[in-house]
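For 6-22, 34-53, 65-83, 95-113, 119-140, 152-169, 181-200, 212-234, 240-262, 274-292, the entry in TrEMBL reads transmembrane segment.
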Amino acid sequence: MQSILAAFVPIWTLGFLGWAASRSKRVPAPAQGVFTWFTFNLAMPAVLFTTLSRTDLAEVRFEPLAAFAAATAVVAGVMLLVLKGRLHERIVGTMAASYVNAGNLGLPVALYLLNDVTFALSVMLFQIMVMSPPIFMALGSEKRFSWAPLRTPNMVAAALGLAVAATGLELPEVIAGTLDSLGGAAVPLAVFALGMSLDVPRAELSRLRPVSLVVAVKLLAHPALAFLIGRFVLRLDTAALMSAVVFAALPTAQNTFVYATVYGRPAGLARDAILVSSLLSLATVPLLALLLQ
C-alpha cells in the first residue's frame with residue numbers, strides 16, 4: 001500500500017496543483033499550451049531518446065505489450081461493432097475506448113510505479129505506429145492520409161534512441177547531461193498541464209450518458225481483458241501483468257480529440273471521454289495497482 005501511495009501521490013499532487021492554478025486564474029490559460037508544447041516537442045523527446053539509447057534491447061520484454069495489444073484489439077473490434085452512427089463517429093468512440101494516455105500520464109505511472117519507462121515507450125510506439133495509421137485512413141480519405149505523425153519529435157527521438165542502443169554508442173557526458181536535465185521537466189510539466197486541462201466549465205460538457213459506455217470500457221473492460229489475457233493465456237509474472245493491466249487502465253489519450261479535430265470530425269465524445277476518464281482514473285488506476293500488488 002505504501003509503495004502504491006508513494007507512486008501516485010506525486011501524480012495526484014502535480015495534477016491538483018495544475019487544476020488549482022487554472023481554477024484560481026493564477027496561471028494564465030495560454031500557459032497550458034506552452035507547457036504542453038514544451039513537453040511534447042522538447043522534454044518528452046529527451047526522455048524517449050535517453051531512455052531508449054541506454055536500453056539493452058535484448059532484455060526488453062514483449063509479453064506485457066502482447067497482452068496490452070491483444071486486449072486493445074478486442075476492445076476496438078467490439079466497440080466498432082457496438083457503437084452506433086457513421087463510420088467516422090464510431091471510429092472516434094472506438095479510439096476513445098482503446099487509445100490510452102501513455103505519454104502525459106503513462107510516463108509518470110511507469111516512472112513512479114513500475115520504476116521503468118521502457119514499457120511506456122513500447123506502448124507509445126505501438127499506438128503511433130500500429131494503431132494510428134488505420135485510424136487516419138478511416139477518419140479521412142487516402143488523399144488526406146499523412147505520415148506526419150511518424151515524423152513527430154517523439155517518433156524521431158525514439159528512432160534515434162533505438163539506433164544508438166543498437167549500435168552501442170555512448171553519448172558524450174555533456175550531451176547526455178543536457179538531455180537528462182531537459183527530460184527531467186517532462187513528467188512534472190505533463191501532469192501539471194493535464195491538471196490544468198481538467199478545469200473545464202460544466203457548460204462545456206455534453207450529457208454524460210453518451211460517454212458513459214466509452215469510459216466504462218476504457219477504465220474497466222480494457223484492463224480486465226488485459227488481465228485475463230496476461231494471466232491465463234500468456235501466463236505473465238506479477239510485474240509484467242501489472243504493466244499490461246495498469247497501462248490498459250489508463251484514461252483516453254488527448255490524441256483522440258486532436259485526431260478528430262484535425263480530420264474535421266465531431267469531437268465532443270472524445271473531449272468528454274478524455275475529461276471523465278482522466279478524473280476517474282486517478283482513483284481506478286491506483287486501486288487496480290493495489291489489487292495486483
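Cβ coordinates are placed from backbone N, Cα and C, and glycine is handled just like the others.
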In the same chain, residues at least 6 away from the ends of the transmembrane segment (181-200) whose Cβ sits under 8 Å of its Cβ atoms read 10-11, 14-23, 27, 31-32, 35-36, 38-39, 42-44, 46-47, 50, 103-105, 107-108, 111, 254, 274-275, 278-279
Leading stretch by Cβ pairs under 8 Å, where the reference is the transmembrane segment (34-53) and the options are 95-113, 152-169, 212-234, 240-262 | 152-169
Positions on the same chain near the transmembrane segment (274-292), where near means CB under 8 A and six or more residues out = 1, 4-5, 7-8, 11-12, 15, 96, 101, 105, 109, 113, 194, 197-198, 200, 205, 208, 211, 214-215, 218-220, 223, 227, 238, 241-242, 245-246, 249-254, 256-257
Note: vs the transmembrane segment (65-83), the recorded stretch with the largest number of Cβ pairs under 8 Å from 6-22, 95-113, 152-169, 212-234 is 212-234
May I ask for the residues of the chain that lie six or more residues beyond the transmembrane segment (119-140) and have a Cβ under 8 Å from a Cβ within it?
-> 48, 51-52, 60, 62, 64-65, 68-69, 72, 87-88, 91-92, 95, 98-100, 102-103, 106-107, 109-110, 146, 149-150, 152, 154-155, 158, 243, 247, 253, 255, 259-260, 263, 265
